[in-house]
Structures are given as structure tokens and as C-alpha cells.
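What TrEMBL records for this protein:
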| type | residues | note |
| --- | --- | --- |
| DOMAIN | 24-134 | domain 'Response regulatory' |
| MOD_RES | 70 | 4-aspartylphosphate |
| DOMAIN | 147-242 | domain 'OmpR/PhoB-type' |
| DNA_BIND | 147-242 | DNA-binding region |
């Protein structure tokens with residue numbers, strides 16, 4: 001059974017592409033009209049958007065940071081798709097549907113959805129829900145491996161020991177340099193905005209006009225090159241480029 005979608009409610013505020021820059025989202029939606037609307041607004045918000053239309057495609061889809069799942073797909077129940085996606089704990093899953101009854105919401109959440117949004121919905125609400133589930137996913141991931149080593153290609157970061165090696169050779173970092181590198185590494189390959197970095201690393205002590213961050217980035221680049229690169233995304237922030245990070249126990 002297919003949910004008959006309704007129009008998305010227009011955004012009442014500008015959509016900023018900075019918020020989700022560098023993140024991947026998969027839209028599982030069989031209705032072309034609704035899918036086009038979602039793809040447009042999510043791309044404007046900064047996402048790399050991948051749209052698929054069937055449950056069969058969903059099973060084969062590449063991993064994403066977020067998946068929006070329509071519960072009424074033509075070849076299967078969206079709830080089954082959600083259950084399969086729970087094998088990817090790093091992925092945030094939001095059920096998107098016209099089914100508004102309480103028992104439908106309960107079934108979606110029990111199947112493993114992190115959140116549930118009912119059509120029609122406003123774009124600001126959708127983006128806020130995506131942001132909220134991403135925060136929860138990142139927090140849960142950090143708690144599950146709080147001190148485990150983080151490996152990105154040739155670089156290994158000892159979260160508990162505060163030791164860094166590149167190709168097996170130790171890299172000496174100051175406390176702030178280590179904290180900055182760890183923040184970028186935990187979010188790699190996504191972009192981390194300047195404001196987020198300054199707030200989390202320097203807190204209330206930073207000045208907007210300060211060149212402190214630029215100096216630390218330049219120093220890190222010098223110490224990590226050529227194995228690991230830190231790319232400037234002008235007007236946004238920085239992203240760490242290496243192999244996808246994985247926590248090892």
C-alpha cells in the first residue's frame with residue numbers, strides 16, 4: 001500500500017547550505033513529485049542527496065548519514081526497510097509518511113526509526129528533526145567508544161592516550177592541536193564550521209576576529225602532510241580528508 005503524499009509546506013526562512021555540508025542523505029520515496037521537492041530542499045541545505053524509489057533498491061543502497069523512509073513503498077513495507085537499516089547503527093533513520101495514527105507512529109519507532117514525521121510538514125521542521133537525530137547518533141557513537149583509537153587511513157589517534165601517529169611515526173601535538181584534530185577526525189569527511197570549532201575548542205575565550213584557528217590549522221597541516229589533508233571550505237570551515245574513520249577495539 002502506498003502513502004499518497006501531500007505537498008511539502010514551504011519554508012518560512014532561508015535554507016542555509018552550510019548546516020549539513022558534506023553529509024549524505026538517502027531519500028526512499030516512490031512518488032516523483034514529493035521526491036523532487038525533498039531532493040531540492042535537502043540539496044539546498046547542504047546534503048549530498050541520493051534518491052531511490054523501491055524497497056529493493058533500499059537494501060542495496062550505499063551507507064548514508066541519514067535515511068528518510070516512506071512507509072508506503074510499491075514493492076514492500078517501509079517498516080521492513082527500517083528494520084534492515086538498523087544493521088547500520090551509524091545511520092540515522094526517519095520515517096516519512098502520511099500515516100498519522102498513533103499506532104502507526106509506534107510501529108515505526110519500534111521498527112527502529114529514530115524519528116517519525118507526518119506529511120504534510122514544513123521544511124524547517126524536517127531540517128530540525130534531521131539535525132536532532134544526527135546529534136543523538138553522534139553522541140551515542142561517541143559514548144560507545146569514548147576512548148578507543150580512531151583510525152583514518154595512515155593516521156591513528158589514541159583518544160585516551162592523546163597520542164597521534166602517521167604511518168607509524170609519532171606526531172607531537174599541543175593540547176589545542178590535539179583537540180582540534182580530534183574534532184575534525186570524528187566528523188570526517190564532513191565539514192566542520194569555524195563557529196563550531198571555535199566554540200568547542202576555545203569556548204568563551206575566542207574572539208571572532210582572532211587568527212588563532214588559522215594558525216592552528218596551518219600548524220596541523222604542516223605536521224600531517226602529505227598523508228592527511230585539511231581542506232578549507234571557504235566561508236564555511238574545514239574538513240579532514242583521509243580514509244573513512246573507523247573505531248577499533
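For all residues, glycine too, the Cβ spot is worked out from N, Cα and C.
In TrEMBL, annotation is done automatically, which means it is predicted and not curated.
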Neighbour count (Cβ, 10 Å) for residue 70 (4-aspartylphosphate): 27
Secondary structure content of the domain 'Response regulatory' (24-134), with strand meaning DSSP E or B: 49 helix, 30 strand, 32 coil
Rounded mean pLDDT for the residues that make up the domain 'Response regulatory' (24-134): 89
The domain 'OmpR/PhoB-type' (147-242), counted residue by residue under DSSP: helix, strand, coil: 38 helix, 26 strand, 32 coil
